[in-house]
Amino acid sequence: MSKLVYLRIVAVVAVVMGAMAVIAGGKVLAGISQPDYHVLPWLVKYNVLMGVISLITAGLLWFKNFWGKIGAVVITVGHIIVLLLLLTIFSNEVAQHSVNAMTVRATVWILLFAFVRKNL
């Protein structure tokens, strides 16, 4: 496959990840959804913000814009840092569901960034 095809696949995955974060977090912030586990308000806001950044990054990657690579770095590093914070400083407050979700986000973005780094 060509580099453009890889970038387009990454962009689509980024849209899915970003949209899921914005929709799920937006429902919690709007009071539409009440999870049955302890929610860290700052984590919900972070997830929505990174979801929006993911959507913007997806558009940049779709058009092979260099700033898409920067966005991918920011998202990947951000998710890794937040995951480490959840596992250490906030380990007594955070729900396992939130840790699992951040583990998935960090893992997916590490893989996406690997493709972006190689193909952009």
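Numbering starts at 1 and runs along the chain as it is shown here.
Cβ atoms are placed via backbone N, Cα and C, with glycine included.
A quick note: this is a predicted structure, and the numbers were derived from the prediction, not measured.
Here is what TrEMBL records for this protein:
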{"type": "TRANSMEM", "residues": "5-24", "note": "transmembrane segment"}
{"type": "TRANSMEM", "residues": "44-63", "note": "transmembrane segment"}
{"type": "TRANSMEM", "residues": "70-91", "note": "transmembrane segment"}
{"type": "TRANSMEM", "residues": "97-116", "note": "transmembrane segment"}
Item checked: Best-contacting stretch, by C-beta pairs under 8 Å, relative to the transmembrane segment (70-91) and drawn from 5-24, 44-63, 97-116 -> 97-116
Next item on the list: Determine which residues of the chain contact the transmembrane segment (97-116) at the Cβ level, with the cut-off under 8 Å and only residues 6 or more beyond its ends counted.
Entry: 6-7, 9-10, 13-14, 17, 21, 35, 37, 39-40, 43, 50, 61, 68-69, 72-73, 75-76, 79-80, 82-83, 86-87
Margin query: Given a Cβ distance threshold of under 8 angstroms, which distant residues of the chain, six or more beyond its ends, lie next to the transmembrane segment (44-63)?
Written below: 7-8, 10-12, 14-15, 17-22, 24-26, 28-29, 69, 71-72, 74-75, 78-79, 82, 105, 116, 120
